[in-house]
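*Asks:* Just dropping this structure here.
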Amino acid sequence: MAGEITETGELYSPYVGLVYMFNLIVGTGALTMPKAFASAGWLVSLVLLVFLGFMSFVTTTFVMEAMAAANAQLRWKRMETHKEEEDEDSSTASDSDILTQDNYERAEKRPILSVQRRSSANLFEITDRVEMGQMASMFFNKVGVNLFYFCIIVYLYGDLAIYAAAVPFSLMQVTCRMYGLCTPPHRCFHPQAVFTLLLGPFTFFDVQKTKYLQILTSLMRWIAFAIMIVLALVRIGSRQGEGHPPLANLLGVRNLFGVCVYSFMCQHSLPSLLTPVSSKRHITRLVFLDYALILAFYGLLSFTAIFCFRSDSLMDMYTLNFARCDVVGLAAVRFFLGLFPVFTISTNFPIIAVTLRNNWKTLFHREGGTYPWVVDRVVFPTITLVPPILVAFCTHDLESLVGITGAYAGTGIQYVIPAFLVYLCRKDTQLTFGCGTVNKHRSPFRHTFWVAFVLLWAFSCFFFVTANIVLSETQL
């Protein structure tokens with residue numbers, strides 16, 4: 001995310017790419033969704049979930065179109081640079097080279113537009129992995145680029161705070177129940193310091209997620225989700241379900257909105273996910289299929305949860321509801337589900353921290369300048385690590401952390417940035433290649449109305465969430 005063109009990596013099939021996309025989207029937000037569903041009511045939650053899933057799909061197609069436009073711009077610049085080099089070579093040509101001048105003159109008589117039309121389809125192929133920061137620098141002005149990095153940094157801080165709170169909280173709950181013989185914990189050790197000491201130092205170094213680690217965490221994720229859904233269905237089928245969720249409760253919409261936005265977040269990682277896909281001919285349809293499957297999964301997970309457990313007994317981290325003796329008799333399953341966030345989220349914390357650190361460096365980077373060793377190795381990692389750790393020390397309210405992160409920074413990344421990216425890249429494409437040029441990966445929502453609608457929705461949500469928070473605090 002540090003604003004530069006990175007290596008595309010090894011190619012994979014479209015279906016493998018969509019599996020990666022599914023795994024990226026279905027993460028921590030899914031574990032906080034059941035409580036948000038129960039708070040807002042099942043009908044309101046279902047309607048909002050479907051609508052926000054649709055809006056996320058719209059902006060995903062916006063980012064894909066911007067990726068294709070950025071590739072076309074880079075490819076065109078390389079062609080122009082190559083042409084200039086050829087012109088320089090021809091200016092110093094020998095007498096024997098001049099004999100072939102007639103051939104070049106005949107080639108130059110061909111209409112330029114016909115050449116562009118034949119090559120425009122290839123111009124918009126997504127082959128270079130152009131990250132969001134690079135696209136922002138290509139299509140935004142300086143103020144827009146700084147606002148982009150500010151939004152990314154706030155979102156990553158929220159991510160780290162969620163991770164830093166979720167892991168110690170889950171560890172504390174499971175450990176205290178283990179030694180308290182499944183009684184609710186009263187005074188237990190605080191593992192926040194242990195978490196900071198173990199994972200914090202990775203912020204000062206460069207870490208990289210390996211293929212095998214990704215496979216392992218994905219496998220654990222799907223085993224955990226499958227166990228929770230099956231156990232909830234078994235309890236409901238055996239008439240042990242205790243949940244009676246309301247139809248609608250507008251007071252819970254604020255957190256539900258943030259959780260849903262956070263749970264559909266993938267726009268910032270689309271260049272890394274979709275660029276290595278070998279065939280992008282039907283990529284839009286496959287992405288739509290992916291969103292439909294994610295919607296079905298979120299609905300199944302949340303509905304089984306809210307009808308299985310009472311609303312007041314649902315935990316912020318849904319896995320902890322299965323760490324009780326009266327719910328799951330097998331100790332190994334209880335500990336696996338209870339410690340599931342500890343293993344999977346812990347692997348993401350160093351990666352997000354390094355990404356945030358690199359974004360700070362990019363934001364303050366000056367052309368041709370370098371940072372002193374102390375600033376590079378101490379200051380930037382420290383300002384990356386300290387704020388989320390302090391937040392995690394102060395609160396373990398994961399639903400609110402996810403809700404606020406999704407409602408503010410998530411709205412910017414998922415709605416505002418893609419809308420401005422696609423609008424400006426369309427103007428830039430018309431200016432560079434002419435009005436008749438067609439982007440082969442253009443969004444199905446190509447009318448300007450959709451850009452305006454997304455921006456209007458984003459700003460409406462921003463003011464609604466802010467007003468809701470102010471009114472809630474005033475009532476308290």
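Cβ coordinates are placed from backbone N, Cα and C, and glycine is handled just like the others.
Predicted automatically and left uncurated, TrEMBL annotations should be read as such.
Quantities reported herein were computed from a predicted structural model and do not represent experimental measurements.
Okay, these came from TrEMBL:
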{"type": "TRANSMEM", "residues": "12-31", "note": "transmembrane segment"}
{"type": "DOMAIN", "residues": "20-65", "note": "domain 'Amino acid transporter transmembrane'"}
{"type": "TRANSMEM", "residues": "43-70", "note": "transmembrane segment"}
{"type": "DOMAIN", "residues": "133-433", "note": "domain 'Amino acid transporter transmembrane'"}
{"type": "TRANSMEM", "residues": "147-169", "note": "transmembrane segment"}
{"type": "TRANSMEM", "residues": "219-236", "note": "transmembrane segment"}
{"type": "TRANSMEM", "residues": "286-307", "note": "transmembrane segment"}
{"type": "TRANSMEM", "residues": "327-356", "note": "transmembrane segment"}
{"type": "TRANSMEM", "residues": "449-471", "note": "transmembrane segment"}
*Asks:* Quick test of the contact rule: Cβ under 8 Å, at least six residues beyond the ends. What residues does that give for the transmembrane segment (12-31)?
*Replies:* 162-163, 166, 214, 218, 221, 225, 259-260, 262-266, 269, 273-274, 276-280, 282-283, 286-287, 289-290, 293-294, 297-298, 301, 317-319, 341, 345, 348, 402, 406
*Asks:* As a quick check of your reading of DSSP, tell me how many residues in the domain 'Amino acid transporter transmembrane' (20-65) are helical, how many are strand and how many are coil.
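*Replies:* So the counts come to 43 helix, 0 strand, 3 coil.
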*Asks:* Which one of these stretches, 147-169, 219-236, 449-471, has the most C-beta pairs shorter than 8 Å to the transmembrane segment (327-356)?
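*Replies:* By the under-8 Å Cβ criterion, the transmembrane segment (327-356) pairs most with 147-169.
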*Asks:* In the same chain, which residue numbers or ranges, 6 or more beyond the ends of the transmembrane segment (147-169), come under 8 angstroms Cβ to Cβ?
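*Replies:* Residues 1, 3, 28, 31, 132-133, 136, 140, 190-192, 194-196, 268, 316-317, 341-342, 345-346, 348-349, 352-353, 355-356, 359-360, 362-363, 384, 387-389, 391-392, 395-398, 401-402, 404-405, 408-410, 412-413, 416-417.
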*Asks:* How about the transmembrane segment (286-307) with the transmembrane segment (449-471) - do they touch, taking at least 3 C-beta pairs under 8 Å (6 or more apart in sequence) as contact?
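*Replies:* These two stretches do not touch.
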